Amino acid sequence: MRVAFIYRWLLCGAAIVNVLVAQRHTASDNPSTYNIGGVLSNSDSEEHFRTTIAHLNFDQQYVPRKVTYYDKTIRMDKNPIKTVFNVCDKLIEKRVYAVVVSHEQTSGDLSPAAVSYTSGFYSIPVIGISSRDAAFSDKNIHVSFLRTVPPYYHQADVWLEMLSHFLYTKVIIIHSSDTDGRAILGRFQTTSQTYYDDVDVRATVELIVEFEPKLESFTEHLIDMKTAQSRVYLMYASTEDAQVIFRDAGEYNMTGEGHVWIVTEQALHANNTPDGVLGLQLEHAHSDKGHIRDSVYVLASAIKEMISNETIAEAPKDCGDSAVNWESGKRLFQYLKSRNITGETGQVAFDDNGDRIYAGYDVINIREHQKQHVVGKFSYDSPRGKMRMRINDSEIIWGGKQKRKPEGIMIPTHLKLLTIEEKPFVYVRRMGDDEFRCEPDERPCPLFNASGATANEFCCRGYCIDLLIELSKRINFTYDLALSPDGQFGHYILRNNSGAMTLRKEWTGLIGELVNERADMIVAPLTINPERAEYIEFSKPFKYQGITILEKKPSRSSTLVSFLQPFSNTLWILVMVSVHVVALVLYLLDRFSPFGRFKLSHSDSNEEKALNLSSAVWFAWGVLLNSGIGEGTPRSFSARVLGMVWAGFAMIIVASYTANLAAFLVLERPKTKLSGINDARLRNTMENLTCATVKGSSVDMYFRRQVELSNMYRTMESNNYVTAEQAIQDVKKGKLMAFIWDSSRLEYEASKDCELVTAGELFGRSGYGIGLQKGSPWTDAVTLAILEFHESGFMEKLDKQWIFHGHVQQNCELFEKTPNTLGLKNMAGVFILVGVGIAGGVGLIIIEVIYKKHQVKKQKRLDIARHAADKWRGTIEKRKTIRASLAMQRQYNVGLMATHAPGTISLAVDKRRYPRLGQRLGPERAWPGDGADVLRIRRPYDLGKGGLTASQLGLGKTRPQQNPLPPRYSPGYTSDVSHLVV
């Protein structure tokens, strides 16, 4: 560890020694004396230059040890050629490292240019202290020139600050067609692009007036200026040209009240400058001594830093050597441009062109008798590190000797207005061929095509038209009203026309017409949002609103089976199953219960039959449907207990069904399907749910900038409509489930059609405002008028008249509050059920009749067969009887003959052959009215015995016999029956 520590210290020591050796070597390689050249305009400047360098050598802050500066000066010659020779012979041959140059303002700029050309050829830096022409900013020509004074065109920066201070938004620029005039215009346009990113009020150039120097008349340009809207004039002109411009402007009364002139330094010195003109004056502009000192110290500061960083080669010595390329001079020029010191003329710094920045200006106000009065300053603010404008507005005397700041713009009284069809705010009606004017409550609103020709004549009326009529009366303006050319409110399109890295927004529709100054005002339901407010002005909202959702009310759908809705399908199935299960259990309980059958007291009759299955099913259905039960009731106690429980179950089921049926068929339908924008079905849109808005509208922009709605917007983007009217029609038809749009329009549609309803609460709250151009003079007047309309109740009157439709809304509410009654549509299923029952009964009776006919035919065939068989059997028996009788007769005859005694023939019943013949009284089948148990018929021989009647014998009702067949008899002899003696 100790060895490593010592090794590190040795490395650090070696590095420090190397740095010190390098610095000593560099310092020893650099020159110790530096000659500074001066091309000055007078002896005082030359003397001050020498004195400044002498004092510099004793200032250790700027001069390193063993370094000495020497001055080499020459007098500026008006002849540029002589100046070139003097520079070569008296400065470059003396090895000057830089040149400070000044000249008289009246001598022109040719001599300083000659010094710049000559020195620049050898890369010798030149510091100008009085040259302010724009040409010196061109580094392709003046490669090594920089200056401690700003060029004239830098006054454009001060213009922007003044416009921002006075809140002027529209200007006219007047400039000469020379290099400086075009430079100040370019500077203004370029700087304004970045300057207005930090301020709220943006100034635009309405008109650019370019004139040739050495004017004789400016009248032609003044005519164009007078028709413009702006009354703020920014002028760059020479003193001579400014005199001509002021002379002609005075003749056209364009220098008096309401006109604002802001001019540069040269124009400020015209001998006819009007009262109220504002101009700029560079601080220390004529202080050559201050600029000489600042230039010398800037040079010393750059050389000192350069000495500490690199080796400086000696300056060139011979002008005749064209091959000299002094790289140290180029490097020294870069060091000079990076200087930033506090000098006698203020903060001294340079831009990339070597031009002075942070130069201070006085704001001059011209008063009576051409007196100049300082009313403000544009100076460097050290704490903030930038320039700051300070103007005392109360000290300014404006044109026409006014103390109040002019509006800076001519307020036109005839405006071009645009609107768009959007019910109920604007109704549009095409004029008929035989119509020449609109109705009293309408206003003409033609539709212009791209070429500007009238395509169609329309009439407009509605909420916004009534507002426009009242507004024009209140603030006193006339107007021409037209419809939006493309029928859209407008949205922006990102374009890159010039190939720049940044995209530019281009607006379409109504907004595009306003941005491109093809219209003065938009009177329509125009939603105020940040995207639009960046490019146009808005009045205070004339109606506050938000975004909501329009949908169709759920219909009172009544299907044929609507009477089954009180119970679910599962419950209906369970009820059906329960009926038959209970019937089966009743049958089993009554069948197997020992008490399920009973006997009559003191009776020897047979037992009654138990409850059969069909009777049990009939009983279960009868109890459930609350129908009378005439027969087939349970006999056993256990079955009757179950029957009572089943009756209670049936009562609960029927009561529940009745209550729920009323709820389903009579109660109000739900008003909406959606709960609002936070409904999960909207946030996670399903295939069977469609929602949409209007393409490029303010609602569309709202969804774009809301991150939490991005998923929903991606889904609905493909469904968006071109117009709101199309979307509303699709909602009515059921093609679109939810239309998201401005609440005012949707509330109007819902009040007009009772089948439509708005869902949920408002979101994205904003307002409708009147759109105007940026900086429009009508903005404040329109805003104040709208506020007065709100206070007076005029806006509320328009709401009731056009949006809410009081009578229609009342009818809808009455319709909603009316108790719902059941109609055929609701109970059609019940009637169909009855019809099915009737049809089923008819079908069953037909089946029964057909079956009975078939049975009767079959029974007849059986009876005929039985009768034939009986007849045949009787015939056979008769033949047998006859044969037997004949045989007996023969035997009898034989016996008689044998015994000669009388004989008899027996006709008694043959009991052995027909043992049950005496019991037949008819078929043993029950007759209607018989008891539940049919008793067997007793023998008729018991009747009359001992005085017993049929009812006492237990016969009950006796069946009358029809044509009873006589018993068959066979002849024969018997000992216990009567016989017939023949």
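Positions of Cβ are set from backbone N, Cα and C atoms, glycine also.
If you look up Swiss-Prot, you'll see ASN253 (among others) marked as N-linked glycosylation site, on the strength of sequence analysis. Other C-beta atoms found within 10 angstroms of the C-beta of ASN253 (N-linked glycosylation site) number 12, with every protein chain shown included. DSSP assigns ASN253 (N-linked glycosylation site) to coil, not to a helix or a strand.
Under the heading N-linked glycosylation site, Swiss-Prot lists ASN309 (among others), citing sequence analysis as support. Taken residue by residue with DSSP, ASN309 (N-linked glycosylation site) is part of a helix. Cβ contacts within 10 Å of ASN309 (N-linked glycosylation site), excluding its own Cβ and spanning all protein chains shown: 11.
Annotation source Swiss-Prot lists N-linked glycosylation site at ASN340 (among others). Long-range Cβ neighbours of ASN340 (N-linked glycosylation site) (same chain, at least 6 residues apart, Cβ-Cβ under 8 Å): GLN347, VAL348, ALA349.
Within the same chain, residues at least six positions away from ASN392 (N-linked glycosylation site) with a Cβ under 8 Å of its Cβ are VAL375, GLY376. For ASN392 (among others), the entry in Swiss-Prot reads N-linked glycosylation site, with the evidence type sequence analysis.
Feature annotation from Swiss-Prot assigns N-linked glycosylation site to ASN449 (among others).
Counting only same-chain residues six or more apart in sequence, the Cβ atoms lying under 8 angstroms from the Cβ of ASN476 (N-linked glycosylation site) belong to THR413. What Swiss-Prot records for ASN476 (among others) is N-linked glycosylation site.
Per Swiss-Prot, N-linked glycosylation site is recorded for ASN496 (among others).
Positions annotated as N-linked glycosylation site by Swiss-Prot, on the basis of sequence analysis: ASN688 (among others).
Among the features that Swiss-Prot reports, region 'Disordered' is placed at 948-982.
Residues annotated as signal peptide in Swiss-Prot: 1-22.
Residues or ranges marked as topological domain 'Cytoplasmic' by Swiss-Prot: 590-646 (among others).
Residues or ranges marked as topological domain 'Cytoplasmic' by Swiss-Prot: 848-982 (among others).
Here the transmembrane segment (569-589) has long-range neighbours at 596, 611-613, 616-617, 619-621, 624, 634, 636, 638-639, 642-643, 646, 649, 653, meaning same-chain residues at least 6 beyond its ends whose C-beta is under 8 angstroms from one of its own. Summarising the annotation, Swiss-Prot assigns transmembrane segment to 569-589 (among others).
Annotation source Swiss-Prot lists transmembrane segment at 647-667 (among others), citing sequence analysis.
According to Swiss-Prot, the feature transmembrane segment maps to 827-847 (among others), an assignment based on sequence analysis.
Across the structure, ASN309 (N-linked glycosylation site) and ASN253 (N-linked glycosylation site) are spaced 63 Å apart at their Cα atoms. In this structure, ASN340 (N-linked glycosylation site) is part of a beta strand by DSSP. Per-residue pLDDT, averaged along the topological domain 'Cytoplasmic' (848-982), amounts to 60 for this model.
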